[in-house]
Amino acid sequence: MSSVLSYESLVHAVAGAVGSMTAMTVFFPLDTARLRLQVDEKRKSKTTHMVLLEIIKEEGLLAPYRGWFPVISSLCCSNFVYFYTFNSLKAVWVKGQHSTTGKDLVVGFVAGVVNVLLTTPLWVVNTRLKLQGAKFRNEDIVPTNYSGIIDAFHQIIRDEGILALWNGTFPSLLLVFNPAIQFMFYEGLKRQLLKKRTKLSSLDVFLIGAIAKAIATTVTYPMQTVQSILRFGHHRLNPENRTLGSLRNVLYLLHQRVRRFGIVGLYKGLEAKLLQTVLTAALMFLVYEKLTAATFMVMGLKSTRKH
């Protein structure tokens, strides 16, 4: 119990949250472009920079940062939960011993499940706020009108029921393999480098963070597209089955995507997603590692976790 409620786990959680907030703020416009490409199927522009230029031209200079606050708030909560759970479980299971790739994957998966169940409502709301006011090419999309985070929660519960806040939970649970794979490769690459040197440089941390995220994103991207569509929840699709997030809906959306655009349709927006998530993850891990090390040094403590 002391491992779960330890100061060390808290430091890792705060550092992870701060790192993710910093990185997302820097690369936020890339996430805006990725989301438009995933949700607005009829948008003709295929490249990230062209989509961003269109958004700025049609919706204003600050449009790429629309929905920044709810996204950052959700990301802060989500990463705090994930890093706290990941490091607490690892401390309990590993107990001062060297970790393994298999243990990192299992711990990452469990931490991901806990994170999804607790924070999905925040992501549903921020997805909708981020797309509100967007000029869509797809006439199947029903526009929304929320005045803020609290109003969005209120309207969703009132009009769609409280379970709508967990739209996309099923693909999200499948997607816990994304951070699990990411952390597995990150911790594994980190262990390999630390065999050859006593300390990792900033460039080392940045590069292994980027590689780990690139692998995880490419493997799980089709499910991320389905997740975005379900969270938005305003497509006039599959009227005979309204249970958003069910396996039937996930398969339906995947089939529709392939039927309309071919296999390539499952990877629409991947360029923007890779650019955004790889750079964001790399910067996040860099800030996380530096902040964690600095905090332990200032407090005169030594991390008990072994890699």
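Note: Cβ is positioned from N, Cα and C throughout, glycine not excepted.
Whatever TrEMBL says is automated annotation, not expert-curated.
For 7-92, 99-192, 200-294, the entry in TrEMBL reads repeat 'Solcar'. Per TrEMBL, the feature transmembrane segment maps to 12-30, 67-85, 105-125, 200-221, 278-301.
Within its own chain, the transmembrane segment (200-221) is flanked in space by residues 174-175, 177-179, 181-186, 189-190, 193-194, 266-267, 270, 273-274, 277-286, 289-290, which lie at least six positions past its ends and keep a Cβ under 8 Å from the stretch. Using a Cβ-Cβ cut-off under 8 Å and counting only residues 6 or more beyond its ends in the same chain, the transmembrane segment (278-301) has close neighbours at 7-8, 11-12, 14-16, 18-20, 22-24, 26-27, 30-31, 79, 83, 182, 186, 200, 202, 205-210, 212-214, 217. When DSSP labels each residue, the repeat 'Solcar' (99-192) comes out as 70 helix, 1 strand, 23 coil, counted as helix, strand and coil in that order. For the repeat 'Solcar' (200-294), residue counts in helix, strand and coil come to 76 helix, 1 strand, 18 coil, using DSSP.
Each residue in the repeat 'Solcar' (7-92) gets a DSSP state, and the totals come to 73 helix, 0 strand, 13 coil. Confidence in the repeat 'Solcar' (7-92), given as mean pLDDT, stands at 85.
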